[in-house]
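Quick look at what TrEMBL annotates:
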BINDING   30-37, 147-150, VAL176, 184-187  ATP binding site
ACT_SITE  HIS37  active site, proton donor
BINDING   GLN61  beta-alanine binding site
BINDING   GLN61, GLN153  (R)-pantoate binding site
Amino acid sequence: MKVIRSVKEMQNTMLEQKSSGKSIGFVPTMGYLHEGHLTLIKQARRENDVVAVSIFVNPLQFGANEDLSTYPRDFERDSQLAEESGADYLFYPDASEMYPRPLAIKVTVGDRTDVLCGRSRPGHFDGVAAVLLKLFNIVVPDFAYFGMKDAQQVAVIDMLITDYNIPVTLKTVETVRESDGLAKSSRNVYLQPNEREEAVILNKSLNEAREGIINGERDPEKVLSFMRERIQQNSSGTIDYIELYSYPELKPVKEIKGTIIIALAVKFTKARLIDNTIISI
Ligand code: PAF
């Protein structure tokens, strides 16, 4: 696996690969790789001639009071894991390489962002869209792989690709979970031992809600208040949001039908965890 830190070198290398007829699978990450990322890399490996992974903690997607400076980083471990999972190229630019000057042309995401993490993290998805526009132009992938844990991110990227006619196909991969159901996340390391135990209720309550809907519940408010109670009674975390929308449009629904998402974010002492379930009925 080759590590490349320069934008120009990465772009030239990828364009060469592409012009020799190779398909490129791309897994963009912010590093501190866990099994969720490795699943994406392995799937990209199975489906492409060339696999590129990027590690870039993108400052544009962090708010002023968020965890940019403390976001976990471990390049040595990440590069070993990326290589073992099948990456051919690891793009690892620093912030001045990606943003030599502040962007003069900004990306503003105008839909699917007034709810869930978009509401709690104003500007977050503008930063995600901006960095992905750059990364897609640098890596020129045929396929880009994203985990469904960030379902709102997937809904936004789907719109970005459509609105800007980016010649890449979005591939999504199911959330990878610990054996007790907790969604894998780079931020799980910040949970205190009791919080780690309590955090199981996040996925559990989503599964219970799913079961209720499969068994006939159609009232979003009933589903959400049931989940709120379950989480409040079983964890010390503070609920940031628990919401239910149509998916991928992320519009409120009066009655549960079609494809919907139930998504939640819960804040623990040093980690804010997200999880979701998508149900089609
Ligand atoms: O999901 C992430 O890790 C990031 O939002 C992404 C897609 C790599 C953009 O910085």
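Just so it is clear, glycine is given a Cβ too, placed from its N, Cα and C backbone atoms.
All features noted in TrEMBL, drawn onto the structure.
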{"residue": "MET30", "record": "ATP binding site", "DSSP class": "coil"}
{"residue": "GLY36", "record": "ATP binding site", "DSSP class": "helix"}
{"residue": "GLN61", "record": "beta-alanine binding site", "DSSP class": "helix"}
{"residue": "MET148", "record": "ATP binding site", "DSSP class": "helix"}
{"residue": "GLN153", "record": "(R)-pantoate binding site", "DSSP class": "helix"}
{"residue": "VAL176", "record": "ATP binding site", "DSSP class": "coil"}
{"residue": "SER186", "record": "ATP binding site", "DSSP class": "helix"}
Does any of MET30, HIS37, MET148, VAL176, SER186 have a Cβ within less than 6 Å of an atom of ligand 1? These are the recorded positions; tell me which, or none.
MET30
By a simple count, how many Cβ atoms lie within 10 Å of the Cβ of VAL176 (ATP binding site), its own Cβ left out?
18
From GLN61, MET148, GLN153, VAL176, the binding-site residues whose CA lies within 10 Å of that of the residue listed as 'active site, proton donor'
VAL176
Just give me the nearest neighbour of GLN61 (beta-alanine binding site) among the binding-site residues MET30, LEU33, VAL176, SER186, Cα to Cα.
MET30
Return the residues near MET148 (ATP binding site) by Cβ distance under 8 Å, restricted to its own chain and a separation of at least 6 in sequence.
VAL154, THR172, VAL173, GLU174, THR175, ASN276, ILE278
All chains considered, the count of other Cβ atoms within 10 Å of the Cβ of the residue listed as 'beta-alanine binding site' is 21
Could you measure between MET30 (ATP binding site) and GLN153 ((R)-pantoate binding site) for me? Cα positions, answer in whole angstrom.
14
What whole-number Å value do you get for the CA-CA distance of SER186 (ATP binding site) and GLN153 ((R)-pantoate binding site)?
16
GLN153 ((R)-pantoate binding site) and LEU33 (ATP binding site), distance between Cα atoms, whole Å
18
Among the binding-site residues listed here, GLN153, SER186, whose Cβ has the fewest other Cβ atoms inside 10 Å?
SER186
Please work out which residue of MET30, LEU33 has the most C-beta neighbours within 10 angstroms of its C-beta, and give that one of the binding-site residues.
LEU33
Measuring Cα to Cα, how far is GLY36 (ATP binding site) from GLN153 ((R)-pantoate binding site) in Å?
15
A correct count of other C-beta atoms within 10 Å of the C-beta of the residue listed as 'active site, proton donor' gives 27
